[in-house]
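Just below is one structure, and these are the notes that go with it.
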């Protein structure tokens, strides 16, 4: 049995944690911290073994799995197929769902969620619906989100085609990238597996639509929380039912961790937050790059391609008159020559803490053309959720609205 579930007793048992030492906690609602590990994130086999250890028949494991991952149960007391007596016995065993603290929706349909965790910390996740476009709204060459281009449709009407969830992997972020709001708020802790899976279920339940893609592009650096992230990836794939090729992990790079990720031979997409065409400029934008030279990063990416057979996406945030000149594009193309890769350009999404500017469409197009001239596959990401600070680089936990 998984060590997590082996800690769960068959009798009621819980303790409360004092959050006074934690940063950025919501104290408006009583905490629900317990020493008993949550069930969310456990596999069908693990849940089956657990219910049997509680004296229940094996088929109860499948029922429990269905109620957690398909029916949205937030407490074992809700599961009506279990006897009332047994529900009372396990009432204090947590499933591990968060509480919705705040929800805001952009005109484009993007929804930002502030989720309150059991210890009071607030994290952000984003639901990004993608619509099929037809007629006058036909495909314009810009990426709507983080997944393959929408299919062209013959109808003028919009229909939901995909639902992407941008999940956080940490409370805050220690990388302190100069252009990113998350890093400005500091770092508190890593998220647990169930806290990551919960974000996917929250968006799926709110939209009433199956999630098709998950991107680890929210708060935090996933490779600094690799064990819990890998556990969440496995659960999102096997328990929630989202294919590995529909999962993307974005990282600025942590020495040795890309190689470690590659050794798992997962068919997820690796996205490298590059953002610069040379080491000096990258160090200016990403302080941790001083410990991870660009050449070393690219070499580990080549090893990743060799081990997994998957191409690497390079994310490049465009900052006007800083890294968006055609010569930057040419320099970038030289680094990626012969590389099985794709460049995803991200026009800068403004935050209040810095004075960077978003490039004009003409400057963006010039950068694209310079890359294409050197035979580099490239796309430009359309900013989604910009009005609600839900776009790339805008997520932060420090500005917390009042709860719902």
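Cβ from N, Cα, C; glycine included.
Keep in mind it's a predicted model, so treat the numbers as computed, not measured.
Database features, via TrEMBL:
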- 1-24: region 'Disordered' (REGION)
- 9-21: compositional bias 'Low complexity' (COMPBIAS)
- 124: active site, proton acceptor (ACT_SITE)
- 139-159: region 'Disordered' (REGION)
- 147-157: compositional bias 'Low complexity' (COMPBIAS)
- 159-387: domain 'Radical SAM core' (DOMAIN)
- 173, 177, 180: [4Fe-4S] cluster binding site (BINDING)
- 220, 221, 250, 273, 274, 275, 349: S-adenosyl-L-methionine binding site (BINDING)
- 392: active site, S-methylcysteine intermediate (ACT_SITE)
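Here the features listed in TrEMBL are placed on the structure.
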{"residue": "173", "record": "[4Fe-4S] cluster binding site", "contacts (Cβ under 8 Å, 6+ apart)": "180, 182, 183, 185, 187, 219, 220, 221"}
{"residue": "273", "record": "S-adenosyl-L-methionine binding site", "contacts (Cβ under 8 Å, 6+ apart)": "177, 250, 251, 252, 253, 286, 315, 317"}
{"residue": "274", "record": "S-adenosyl-L-methionine binding site", "contacts (Cβ under 8 Å, 6+ apart)": "282, 314, 315, 316, 332"}
{"residue": "275", "record": "S-adenosyl-L-methionine binding site", "contacts (Cβ under 8 Å, 6+ apart)": "177, 179, 282, 285, 286, 315, 316, 317, 323"}
Neighbour tally for residue 124 (active site, proton acceptor), based on other Cβ positions within 10 Å of its Cβ: 26
Cβ-Cβ neighbours of residue 180 ([4Fe-4S] cluster binding site) (radius 10 Å): 27
Number of other Cβ atoms within 10 Å of the Cβ of residue 177 ([4Fe-4S] cluster binding site) across all protein chains: 21
Secondary structure at residue 273 (S-adenosyl-L-methionine binding site), reduced by DSSP to three states: strand
Integer average pLDDT (0 to 100) for the domain 'Radical SAM core' (159-387): 94
Cβ neighbour count (within 10 Å, all chains shown) around residue 220 (S-adenosyl-L-methionine binding site): 29
DSSP-derived class (H/G/I helix, E/B strand, else coil) of residue 173 ([4Fe-4S] cluster binding site): coil
Coarse DSSP state, helix versus strand versus coil, of residue 220 (S-adenosyl-L-methionine binding site): coil
S-adenosyl-L-methionine site span - longest C-alpha distance across 220, 221, 250, 273, 274, 275, 349, in Å: 19
Nearest-integer angstrom distance between the alpha carbons (Cα) of residue 349 (S-adenosyl-L-methionine binding site) and residue 124 (active site, proton acceptor): 17
